[in-house]
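Here is the structure we will look at, set down as structure tokens.
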Amino acid sequence: MAEPDPSDPLETQAGKVQEAQDSDSDTEGGATGGEAEMDFLRNLFTQTLGLGSQKERLLDELTLEGVTRYMQSERCRKVICLVGAGISTSAGIPDFRSPSTGLYANLEKYHLPYPEAIFEISYFKKHPEPFFALAKELYPGQFKPTICHYFIRLLKEKGLLLRCYTQNIDTLERVAGLEPQDLVEAHGTFYTSHCVNTSCRKEYTMGWMKEKIFSEATPRCEQCQSVVKPDIVFFGENLPSRFFSCMQSDFSKVDLLIIMGTSLQVQPFASLISKAPLATPRLLINKEKTGQTDPFLGMMMGLGGGMDFDSKKAYRDVAWLGDCDQGCLALADLLGWKKELEDLVRREHANIDAQSGSQAPNPSTTISPGKSPPPAKEAARTKEKEEQQ
């Protein structure tokens, strides 16, 4: 067997672990020694995997008010938003997993072998018709951006938005005024389409695809007659390279994560919450708490990856539970941006109506003239959740 290399940090660390074990066995403080050994193992994991960082507390309290004061300070200059289907439901676009109203719960008419098949690339290549029938119902351009979308735009206008990472394929972030450089469309977009034939890959515009979908004709490549698919990421396909390149550059310098309308169940998007420095505060605006730490991994590796809202060690994670639009209004109110946000939504919706020739607003995105919900202290959040249920 090869001799240990003293220059190898893993060998050195392993030797120290053995020394700690030997020392512990000779003392009456075995419990204390065991704790020291666990601390050492945590350090070993974090150093070896490059996960170590200082757990500095930057929020003076773990509430929406605490997040607001931090956002108004000099420490908060770069905000990343991580968003999912929950920010678009008030525009009339269903999310995926809600038991009765979610997309997966309403696919019986397509006679699929299982709900997820409609977004599997292998099934799509053989049976594209169900996807395009669904796409007609959900096609971008039929919906208006929500208060959440315009709150993200307001972050951009205030010079605070570093990037918006979205799981959504509805392009409403673009409609709301975000530029391509502001976005990472992690699960792709309807903005462009390509032939699925790998030897062809001809590109098509959003307008071309829309015409095909609304004529109820399966889009076929004009060169090779293969199916043309919007550039959204199906199960079994890789995420866009931009997702990984931006992740590497963005998360080392982020000052605040705002996570909205996502179950944080789909990887690798869900793992983004663990990419920020351990001191970076994280605000969740959602109907329920998501993304919590696995207790065993948290103990063994000292990871700050999962969200920790309730333990005694919580120091940076805040949950505002309720409707995402109302959460954005509550935060905007505390920041002194509420009127500006409401005016922006009304003005942009009026412009969309004028361009489409329609004067009927989306009822679910119409702003109530009443006061926005109070900032979410735990008791208020719990009461709000119970009322919704």
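Going from the start of the chain as shown, residues are counted 1 onward.
Yeah, the Cβs are placed from backbone N, Cα and C, and that goes for glycine too.
Sequence annotations record features per position, and here Swiss-Prot assigns NAD(+) binding site to 85-89, 95-97, 167-170, 262-263, 286-288, Cys324. The feature Zn(2+) binding site is assigned by Swiss-Prot to Cys195, Cys200, Cys221, Cys224. Taken from Swiss-Prot, the feature compositional bias 'Polar residues' covers 353-369. Annotation comment: Swiss-Prot describes 378-389 as compositional bias 'Basic and acidic residues'. What Swiss-Prot lists as N-acetylalanine is Ala2, and the listing cites similarity to another entry. If you look up Swiss-Prot, you'll see Ser23, Ser25, Ser53, Ser100, Ser368, Ser372 marked as phosphoserine. Marked as phosphothreonine by Swiss-Prot on the basis of a large-scale study or a structure entry: Thr27. Per Swiss-Prot, the feature region 'Disordered' maps to 1-34, 350-389.
Annotated features taken from Swiss-Prot, shown on the structure.
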residue: Ala85; record: NAD(+) binding site; CB count, 10 Å: 22
residue: Ser88; record: NAD(+) binding site; CB count, 10 Å: 27
residue: Asn168; record: NAD(+) binding site; CB count, 10 Å: 25
residue: Cys195; record: Zn(2+) binding site; CB count, 10 Å: 22
residue: Cys200; record: Zn(2+) binding site; CB count, 10 Å: 15
residue: Cys221; record: Zn(2+) binding site; CB count, 10 Å: 18
residue: Cys224; record: Zn(2+) binding site; CB count, 10 Å: 14
residue: Thr262; record: NAD(+) binding site; CB count, 10 Å: 28
residue: Lys287; record: NAD(+) binding site; CB count, 10 Å: 20
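Counting in whole angstrom, Ala85 (NAD(+) binding site) lies 30 from Cys221 (Zn(2+) binding site) by their C-alpha atoms. Checked against Cys221 (Zn(2+) binding site) by C-alpha proximity, the binding-site residues Asn168, Thr262, Lys287 yield Asn168 as the nearest. Cys200 (Zn(2+) binding site) sits 27 Å from Asn168 (NAD(+) binding site), taking the C-alpha atoms as the reference points. Summary of the Zn(2+) site environment: with the site residues Cys195, Cys200, Cys221, Cys224 set aside, the chain residues having Cβ atoms within 8 Å of the Cβ mean position are Val196, Asn197, Arg201, Lys202, Glu222, Gln223, Gln225, Ser226, Val228. Cys224 (Zn(2+) binding site) has Asn168 as its nearest neighbour among the binding-site residues Ser88, Asn168, Thr262, Lys287, going by CA to CA distance. Cys195 (Zn(2+) binding site) sits 22 Å from Asn168 (NAD(+) binding site), taking the CA atoms of both as reference points.
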